[in-house]
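Copied from Swiss-Prot, the annotated features are:
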BINDING   Asn13, Leu15, Gly39, Glu60, Asp84, Asn101  S-adenosyl-L-methionine binding site
Amino acid sequence: MQKPVPKKHLGQNFLKDRKIAEKIVENIDLKNKEIIEIGCGTGFLTNFLLERAKFVTCYEIDRNLIPILEKKFKNKNLRIINEDFLLAELEFKEKKTIIANLPYYITSKILFKIFANFEKFDKIILMVQNEVADRIVAKPKTPTYSKLSLASQYIADVKKLFVVGPDSFFPKPKVNSAVVLFDFRENLEAKKMEEFFWFTKKCFQFKRKTLYNNLIFFLNKQQIEKIYNFFQFAQNIRPQQLDLVTYIRLADFYFNNIF
């Protein structure tokens, strides 16, 4: 069988650690579940998914890996799609679970693609750069708290499960990875979500500035004063100091009273 060759421009670091693969699948109930795996790679994790899940659909962008995967998993409950997940039309109706070992350079884009299609998923387990995992689960008043923290925690209850060292991959990445679980919230509304994402992105446009100096780029002084008076904010408050609930209220206030 042809040996898979990692491609640097695709950010490929193939998982090779059996204990890590087992740990990932043990953190979620896969029985009778239909799974989407983004990036099969060598099919190492796919093997463990197929042992437990009802069906696995894999999006793999690297066409050189397709014949290897097809031969390895012949007659298995697996569908392999040679396509960039970012360009894929997600036409299924039944909710699915996503499991993926994501290239570091494209993590945020894939996350926001998933978020935009939140009604199609119930859970996500992602292997990401440890630094990104810290941003996803970050709390207010911490250095890693960001619009990604807010977006992730708006969509789901998020939990950093465990850290994975470079030795678990081929080739070895230069930094640690981490596995993060997203358990999607119920009763999410697409319009409210889009408004929240748009508003929080504006608030974190210039992270070192005060909230006021971020808002001034799209609001006038009277509108900002209306917000500050209603929420009783201190003049020097910064975007990192406000929690998720406050941002939800802020976005609602903006779209209902100012926009």
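Positions of Cβ are set from backbone N, Cα and C atoms, glycine also.
Predicted, not measured: the structure shown is a model, and the values here were computed from it.
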Run through the Cβ atoms and count how many others sit within 10 Å of the one on Asn101 (S-adenosyl-L-methionine binding site). 26
What count of other C-beta atoms do you get within 10 angstroms of the C-beta of Gly39 (S-adenosyl-L-methionine binding site), across all chains shown? 25
Using DSSP, would you call Asn13 (S-adenosyl-L-methionine binding site) helix, strand or coil? coil
Cβ neighbour count (10 Å, all chains) around Glu60 (S-adenosyl-L-methionine binding site) is 23
